[in-house]
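To start, the structure itself, in structure tokens.
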Amino acid sequence: MATHSPCIVIGDDEQGYDLDLFCIPKHYADDLEKVYIPHGLIMDRTERLAREIMKGMGGHHIVALCVLKGGYKFFADLLDYIKALNRNSDKSIPMTVDFIRLKSYCNDQSTGDIKVIGGDDLSTLTGKNVLIVEDIIDTGKTMKTLLSLLKQYNPKMVKVASLLVKRTPRSVGYRPDFVGFEVPDKFVVGYALDYNEYFRDLNHICVISETGKQKYKA
């Protein structure tokens, strides 16, 4: 049975933090309920994930595959930490990067209809050790679809790192290999997670308000 690394579990009763305690862009002042995961905590957790990935995949040339658009901030910061470990450790990982773009959301619901709307030729992943970097696992359908797609190209190994995993009754039971935080079934934005393309410019992970949902509804 596959083993998965531990993560920080945020309980259903977590209240988050008052917006006034952090620097929030004024144009989002009425669109958020609270700060859920402060930026500093995201960075500290990402640093530790980099170490776990090095331990689990070290010694192999890795193709790091970023799932756009939401994964780009986590991807960039995670790779920065891996590069720092490469510079300062006896065990280093040769790494190249690639990108794929998927779409499965309209407003705050995962549609279940997964579209690959970007990315290079996936045949380049044949025989490679692949690290998929994702922002959030919601139902798990998107990732299971992507993994099935990649399997057609016969990669040597595939591991998945996701910053967030959502606890939801809609889950198909999929669990990534590396997880930053497990969060309740709330729609979160910020740190490149979007709501119809908005809120990507927010440093912290926050819970969107009903006002925000209505304002930016597709």
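Note: Cβ is positioned from N, Cα and C throughout, glycine not excepted.
What Swiss-Prot says about this protein:
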ACT_SITE  Asp138  active site, proton acceptor
BINDING   Lys69, 134-142, Lys166, 186-188, Asp194  GMP binding site
BINDING   Asp194  Mg(2+) binding site
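Highest local Cβ density among the binding-site residues Ile137, Lys141 belongs to Ile137, counted as other Cβ atoms within 10 Å over all protein chains shown. Long-range C-beta contacts of Asp135 (GMP binding site), restricted to its own chain and to partners at least six residues apart, with a cutoff below 8 Å, comprise Val67, Gly70, Gly71, Lys73, Phe74, Ser162, Leu163, Leu164, Tyr191, Ala192, Leu193.
Under the three-state DSSP scheme, Asp135 (GMP binding site) falls in the strand class. Taking the Cα atom of each, Lys166 (GMP binding site) and Asp138 (active site, proton acceptor) are about 5 angstrom apart. Sequence-distant contacts (6 or more apart, same chain, Cβ under 8 Å) of Lys69 (GMP binding site) comprise Arg101, Ala192, Asp194, Arg200.
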